[in-house]
Every structure is written in C-alpha cells, then in structure tokens.
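Chemist: Have a look at the structure that comes next, please.
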Amino acid sequence: MEDDKKKMKKEEPKYRGFKALPFVVCNEAFEKLGTLGATSNLLVYLTTVFNMKSIAATNVSYVFNGTCNFGTLVGAFLSDTYLGRYTTLAVATLASFLGLLVLTFTAAFGSLHPVKCGANSGACGGPSGYQLAVLYTSFALLVVGASGIRSCNLAFGADQFNPKTEQGRKGIAAFFNWYYFTFTFAMMIALTVIVYIQTDVSWALGFGIPAILMLLAVVFFLIGTRLYVTVKPEGSPLTSMFQTLYVAFKKRNLKSKDAALFNHVDEDSVNSKLATSDQLRFLNKAAIMTPEDTIAADGSAADKWNLRSIQQVEELKCLINLIPIWFSGVIYYIVLGLMQTYVVFQAMQSDRHLGRGGFQIPAGTYSIFTMIGITIWIPVYDRICVPILRRFTGMRSGITLLQRMGVGLVLGLLTMVVSGLVEKERRRVALHEPTIGTVPNKGAISSMTANLLIPQLLLAGISEAFAVIGEIELFYKQFPENMRSFAGSFLFCGFAISSYLSSSVISAVEKNSDWLAEDLNKGRLDYFYYLVAGMQLANIIYFLLCAKRYNYK
C-alpha cells in the first residue's frame, strides 16, 4: 500500500521546454559544424596530406563512416540501459572534441604527417606507423563521439518537452524543425567555407575551427545542465527482443497449433496492441504456457526468460519483417557513398574553375549539390506532387511508403548510369584534348568542366529524398513505439554495413581489374559505375519481391 502511494505521488518532470531549447540547439549546431567540417573533406586530406592511394583512402573513409554509424547501436544500448541520454551525450561530445583536437595536431605538426608530394614526384612517401597511430586515435575518439551523439541527440531534445500537452507537442515539432535546419546549415557551411579553408588556406586552421566549434558545443551543453529533463535509463528494448528469441528457441519442441498462448498487455506500455499474425508462427512458441510458468501479481510473466506474451512476440515480428526491406536499403546506400567518394576524385581531375577567374571550387565542395537536390525536392514533392498523386490514389500520402522507396531505388540506378556517362566523357576529353595541369601523384586534369558532375549529384539528392526519407518514415511507423529511438540506430547500421560492403567491392574490383587506377584517366571508373548500376537493378527486383510480401502493421 505504501508503494502504491509512492507511485501515485511520483513527481512529474519539470519540463523547461523552450528555456532549455537554445542550449540543446546550440550544442547541436556547433557539434554538427565541428564534425561535418572535419570529416566532409577527409578523403582529400588522406590523399594529399597523408599521401594515401585513392583505394586505401576510400577504404579508410568507408570503414570510419561505417564504424561511426554502427556505433550508434552500442550508444543507444548503453544510453537506454546504463548511462541515460544526458551522460551519454556529455561523454560523446567531449570525445568528439578530443578527436578533432588530435586530428588538428596531425595537420599542424610536420612530424605527424608525411612529407608533401611534389608536383612532379614519381613516388610519394606514405605515412609511418606512428603517424597512422595518431591519425587512427583521432578517428577512434570521433567514433565514440558519433556513437553517442547520433543515437541520443534527437531523443534528448524531445525529452525537454511534455508530450502530454499541446504546448509540449508543438515544442517537439519546433525542435525537429530546428534540428534538420541546423543539420542542413552545418552541411552547407562545412562543404563550402570550411572545405575552402582546408584546401586553399591551411589544413591545420581548417581542422582547428571545427575543434573550437566542438569545444563550444561542450560548453553550451554543460551550461544548460540545470535546465534539462534527464530521463533515467529503463533498459533497452533489445533485451526484450533477445528474451523472446531465447524463449522461442527454448520451447521449440512444443506444438503451438492448439496451445493456449499467454496474452498480457502491460497497462503502462506505450505500444499499440497488435493482433496475432500467421507470419513467423514458430515465434509464437515463446507465448505457450506450461505448468512451470508462473504469473506475477500484475498479470505479467514472473520469469521473462521462460514466458513471453503474444504481444511481445508480435513486436519482435514487426522488427523481423522489416529486415528484408532494410537489407535492400543497404545495397542502395552504395550509390550515396560513391557520390561522396569517387565524385571527389573525378572533381580533382576535372576543370573546377569558376568562370574565367582563377578561383577553383574545392573538390570536396561538390557534394553540396546532393544536399541542394534534397532541399529543393522535398517541398516540391510535399506541396505539388503529393496533392496531385492524392487525386489518383485517394491516399493521404499520395503513394505508399514502399512505393516511395521504390522510386528512390530506381532513381539511384539512373544516378549510376548518368555517372558512368559523365565519367566516360571526362576521360575522353582528358585523353584526346589538351589538359589543364596535373594532380600530384595522380594524373592529368581534364579540361571538361566539373559542373557536369552536378546533374548526377542532384539526381542522387532527389533519390535520397525518396528512398531514405521513405525508409525513415516506414521504420518510425512500423517499429513498436518503445523502439522508435532504436529505429534510428537500425537505419545507421544499414549505412554502416553498406560502407563495409562498398569497401569490400572496391577492394575486389581493384584486385581483379585496372578500373580503379590511381590516375582515373588510366582506369575505367565508368565501368565500375555500370557495375554498381547492375547491382542496383538486381536490388530493385529483390525489393519488389520483398515489398509484395510485406504486410503493414
């Protein structure tokens, strides 16, 4: 009775809402400016300052980005189970600052990077073991930072508002708007101003500015500590999923056809009640009651490692049913990765002059056109395309989420075809027309304008607006409500595996052909793009088969 009174008197958190928002948003803005400012031009840094070969630099970039994304799963688990979002964010933001500081040292001190290659040098000395150790230490710290920040930032910002009140719901919506605004703004600044400073002024200054911005992120985050609502960790929903799998395996020899299934729904659960489905029926065995199973006073299973409710089984099925769709996204992300890696190499060996002046657009800046494609297309799609489609389909969203993803996959295929055609032309001009210079340790610069790379980047952005945003919404709506924070980590894991897969494909192609030569003019990058286009075609067929079998929650 005493415990019940304590529960009833449980204090409502003191939501500070918009008072806490400036500190959260400033932390978010400076963190994004710092991280993106340092990593968006990483490929150029590895090839020009650390004298890495294009293949090696690309693989390092893929592994780094993949580990950052995969780490969000670990970050989300630690946050939900042990640390809480506030502590996770505090540790992660500090780790990111230290990582950027060490990365700045690799550029500022000559002993921490190889001697610069000359314009006519035949072979450039690579980095020593000690230099690589310092570089990879900075990457490791950045991975720790990204793992915690990416998995907790959105949820922590939403925690500052009361979701039960109208004002709180408006505050959450406002925070999401500010979140995506700061992300886009940070990406624009990182790909223009900071990349220019790194390439044309000083790498040390170009990394030092992001490090200072990250230090400001740490300061702003800590200043707002007294205003924050800090939600205590209540355990990861992944634990519940593992329990269901374990019990289903443990009871695998039982027959579920006519057995009584335990059907209990926790009154405090935020999850929608799910009907029993015929899919993956072997998992239903986890809900079969045996004489050994006991029920607690609140109606739940006394031992969660011996008995699961059919509701918990259906929640696991929601996750498993999404895995085939998720895997299709993994293959698709290869396209987006290439738009951030080999497009940079193409730009380096193309004419990047702006007009007739001497100013050259930094090679790493061209990726901004993917962001521009997303930014322009989203309002066009939302305000023009959806109302038109709604008239034909009668659906509020115009088309289903799987149809939206399918359109994105097709556009991804077209992106690769266009990329191949542009590269074929760039190479032809480089081999048969006068060149305009050379890139140290690479080759001649084609007189073809790098602006011809813009259409494929815009197409990739529109493709991403269809496929990735559609996938995010699909995960948000189809995951159990208590796993929606994990849904983001699930998406990031897809990016991670895609990065590792891309690295493996590039290594295999490099070992068995000369398509990916250090000098693009001597290779056949266009053939590689067509190979990836073939992979996307097979992926579209696979996706259509999965989409046909998928049942919405």
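Here the Cβ of each residue, glycine as well, is placed from N, Cα and C on the backbone.
Since we're looking at a predicted model, the values are computed, not measured.
The transmembrane segment feature in TrEMBL is assigned to 89-112, 132-156, 177-197, 203-223, 318-339, 359-380, 401-422, 457-476, 488-507, 527-547.
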Chemist: List, by number or range, the same-chain residues at least 6 past the transmembrane segment (318-339) whose CB is under 8 A from its CB atoms?
Modeler: 62, 65, 241, 274, 279-280, 367, 370, 402, 405, 408-409, 412, 415-416, 419, 456-457, 460, 463-464, 467-468, 471, 474-475, 478-480, 483, 490-491, 494-495, 497-499, 501-502, 505, 529, 532, 535-536, 539, 542-543, 546-547, 550-551, 553
Chemist: Same chain only, please: residues at least 6 beyond the ends of the transmembrane segment (457-476) with a C-beta under 8 Å from a C-beta of the stretch. Say none if there are none.
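Modeler: Non-local partners: 322, 325-326, 329, 332, 335-336, 339, 343, 366-367, 369-378, 381, 401-402, 404-405, 407-409, 411-412, 414-415, 418, 484, 487-488, 490-491.
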Chemist: Can you name the far-off residues of the same chain, 6+ from the ends of the transmembrane segment (89-112), with a Cβ under 8 Å from a Cβ of it?
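Modeler: Counting only partners 6 or more residues beyond its ends, the transmembrane segment (89-112) has Cβ contacts under 8 Å with 27, 31, 34-35, 38, 45, 49, 75, 83, 131, 134-135, 137-149, 152-153, 156, 202-204, 206-208, 210-211, 214-215, 217-218, 221-222.
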Chemist: Would you mind listing the long-range same-chain contacts of the transmembrane segment (527-547), meaning Cβ under 8 Å and 6+ residues beyond its ends?
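Modeler: Same-chain contacts beyond the flanks: 324-325, 328, 331-332, 334-335, 338, 342, 402, 405-406, 409-410, 412-413, 416-417, 419-420, 423, 505, 509, 513, 515-516.
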